[in-house]
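Here it is, the structure in full.
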There are 2 protein chains.
Amino acid sequence: MHRTSSISELRKLIAEEKKLGKTIALVPTMGYLHRGHLTLIEKAKQTGSFVVVSIFVNPLQFGPNEDYARYPRDIERDAHLVEEVGVDLLFNPSLEEMYPHPMLTYVEVGQLDKVLCGANRPGHFRGVTTVVSKLFNIVQPDLAFFGQKDYQQYLIIRRMVSDLNLPIEVRGVPIVREEDGLALSSRNVFLTSEQRQEALILSRSLKEAADLIQRGEGSAQKIEEFIRTGITEQSQGVIDYIEVRDADDLSEVTEINRRIVIALAVKFGPTRLIDNIVVEV
Amino acid sequence: MHRTSSISELRKLIAEEKKLGKTIALVPTMGYLHRGHLTLIEKAKQTGSFVVVSIFVNPLQFGPNEDYARYPRDIERDAHLVEEVGVDLLFNPSLEEMYPHPMLTYVEVGQLDKVLCGANRPGHFRGVTTVVSKLFNIVQPDLAFFGQKDYQQYLIIRRMVSDLNLPIEVRGVPIVREEDGLALSSRNVFLTSEQRQEALILSRSLKEAADLIQRGEGSAQKIEEFIRTGITEQSQGVIDYIEVRDADDLSEVTEINRRIVIALAVKFGPTRLIDNIVVEV
């Protein structure tokens, strides 16, 4: 496995692979890799591409009171993991390599970034789309893989790629869960064992809500209330949002009569978890 | 010369040239070409690259009360011109090809876009950087050529390319002027012969101001006043701005003790002209 923190070295390596006719697949991550990331990597490898994994904790997407400083990092463990699963190139740039001077340029996807996680994390998605633009321009992949746990992020990146004519195919990969249903997240490491136990209500109530819809429940409000009641009664979780939205454009849904996503964000102590489920009716 | 309005056809043509080892040079324009554009094309050809000229009047960069509808267009004349000077590929996409659905994504270069032309044309530079991003992603050039008549635009594009790690070299080409000094512009066609005569005060006063600086004048305010007086006394032009700014970052200048640009925008009737001069001290 190649490993570099240098943009120019990475570009040289990729140019060589392209010359050999290889397609390039990028899996952008913030590191502290878990089975969810490894699934993304596996999907990337299945395409036969030269697989690049980037690890960069991007300060631009953290608010001033968010957990940039405490976000978990373990680059040597990560490097070992990605080497084991057969990644071709690990790119782990420094802050200075990615942001050598103050950034004046931002890439922003309007509308989609104002709801759900965007409503309470102003600037978050702008930070994501800006760094992903940079990574796309640095790596110039043919394919890029994103986890659907960050469903809104996945839609926003797709829209950015389409609006800006980036010659990249964005592939979403379904959420990977623990045996007991908890969606994998680098932030799970911060949960106390009690919080971790309580957090199971998220995936459980999403699953039950999807069943309710399949059995005929058509009111978005009732679904949201059902989940809210479950979380409130069965945990100490502090709800940020629980919303039923159109699965393609995140527009508001009253009557559930199309493909929707139920998305939620709930804080357990200082740790904010997100989860979602897509339901076809 | 190839000519296409299709993004996918353009991509195919460019991929073939890249396979042959050609570098790609892009000259993005809004058409109604004049000698200024032809100079850009000539510079592009001198690099030995496969030269792509795009012609697209981009609605995103015109304000609601600006001249999008009346902006001069003559694509057949332009096509003839670029064929004559040996352009390899003319790309003239339709509105539908460039904006098939409502745009949610914008690329914005902050700070630099708030001053000079940006102050009175809110959203203008955001429109420019967004469409140039699209053109860059469509054409994927190695080199891109911009005229320095739009000095602020040139700096903004350079900054965007640097901030977003676009693998493109941006080259600025000095202003091309008529014999009598008038900076070439597609909008000059709108000037009455009287306005055209009066508009000569712009280049003349810029030139005289540069001479004053070379002879020791160090006060930005005095330079601005000198030009203001000239324009006010010798024309009916309505001044939008006259400003001395740092030539690299457009920051304000009080004492002229570095490389500066004197930039101005003046309306003659409904036609807004811009001009500038860079002065090294």
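Residue 1 is the first one shown; counting continues down the chain.
Keep in mind that glycine also has a Cβ here, set from the backbone N, Cα and C atoms.
So TrEMBL lists these for the protein:
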type	residues	note
BINDING	A:30-37, A:147-150, A:V176, A:184-187	ATP binding site
ACT_SITE	A:H37	active site, proton donor
BINDING	A:Q61, A:Q153	(R)-pantoate binding site
BINDING	A:Q61	beta-alanine binding site
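Mind running through what each feature is packed against?
Other Cβ atoms within 10 Å of the Cβ of A:G36 (ATP binding site) number 21 in total over all chains.
In the three-state DSSP assignment, the secondary structure recorded for A:H37 (active site, proton donor) is helix. Taking all protein chains in view, 26 other C-beta atoms sit within 10 angstroms of the C-beta of A:H37 (active site, proton donor).
Within the same chain, residues at least six positions away from A:Q61 ((R)-pantoate binding site) with a Cβ under 8 Å of its Cβ are A:G123, A:H124, A:F125, A:R126, A:G127, A:V128, A:V131.
The DSSP secondary structure for A:Q61 ((R)-pantoate binding site) is helix.
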Want to know which binding-site residues, from A:Q148, A:Q153, A:V176, are within 10 Å of A:H37 (active site, proton donor) at Cα; which are they?
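Checking Cα-Cα distances against A:H37 (active site, proton donor), the binding-site residues within 10 Å turn out to be A:V176.
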Using DSSP reduced to three states, classify A:S186 (ATP binding site) as helix, strand or coil.
helix
Looking at the binding-site residues A:Q148, A:Q153, A:S186, which sits with the largest number of other Cβ atoms within 10 Å of its Cβ?
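That would be A:Q153, with the highest Cβ count within 10 Å.
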Taking the Cα atoms as reference points, how far is A:M30 (ATP binding site) from A:Q153 ((R)-pantoate binding site) in Å?
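A Cα-Cα distance of 14 Å.
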